[in-house]
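These notes are about the structure you will find just below.
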């Protein structure tokens with residue numbers, strides 16, 4: 001038990017500091033040549049980029065394609081959660097039947113655990129639903145700016161709920177993000193493509209992402225610290241909670257009258273969207289494992305930039321200089337905040353603890 005708790009605390013320390021295990025890193029450097037290590041990192045980062053960008057473009061197709069004309073965003077989100085639940089259960093069964101094939105925890109639906117995770121599941125539902133609704137009403141190019149206030153909400157909620165203060169330089173980075181957000185909204189309005197509904201959903205999605213991070217830390221002990229168990233219970237709860245919403249909002253009725261309901265192509269694209277939703281959790285963890293949490297954040301920022309450029313090219317949109325400036329402000333502010341927080345954590349870790357100083361003085 002002590003060994004398990006020590007291991008968890010060590011992993012948490014590594015995640016907060018954005019560093020890897022020194023002993024494991026030394027062993028890896030001895031076992032693998034630099035070129036092979038660099039190639040692995042490049043492949044993992046590429047896999048993360050391809051999965052994340054493909055998921056956004058595919059979801060945009062499912063949510064707002066003129067050729068598909070499917071106006072059931074809640075059902076699309078529900079189906080993706082259902083695919084994730086089935087994949088988690090399938091991998092768990094495979095790991096049980098064929099040990100060593102896949103590294104996946106054993107999953108059994110415990111109603112007591114499901115109830116304890118329910119508050120997080122409500123926030124989780126808000127996060128994925130508002131994300132999809134934002135993507136439905138805004139273009140892929142503006143999608144990153146529309147959901148850019150997550151960092152700002154992290155700072156605000158950390159102060160309101162956890163009473164944690166933020167440094168001046170971190171607040172300065174947040175002000176750049178806010179400035180970029182408002183400039184982006186202004187430029188979308190000037191070009192006549194602004195959707196206030198989509199922008200509102202983007203802000204709500206950002207709020208839910210921040211709340212999800214806070215509540216995740218609180219409920220992880222209920223699933224023995226397993227992210228995959230939490231993913232399973234979150235999506236299982238979401239499937240149940242989505243059902244009354246589908247009835248109340250009339251999406252089931254709209255689905256039954258959908259012309260392509262019996263199309264294999266339609267269900268194939270829906271299932272592929274669910275697979276991407278499941279895969280993004282895996283490749284995110286993989287990227288953090290092979291690099292660091294700090295590098296993952298930098299990679300995510302660069303990916304958002306590439307995604308914006310691809311969207312503008314794919315949809316053949318013409319954007320003004322100020323529109324591009326708003327994107328650079330959001331991406332630059334996010335990168336600056338990540339760097340500042342990383343430096344602060346490193347400095348805090350390097351400073352000797354007061355109690356350790358007292359102990360050393362007593363020993364002397």
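Just so it is clear, glycine is given a Cβ too, placed from its N, Cα and C backbone atoms.
Feature annotation (TrEMBL): of 235-252, 289-306, 307-324, the stretch labelled transmembrane segment is 235-252. Of the listed segments 6-23, 168-185, TrEMBL assigns transmembrane segment to 168-185.
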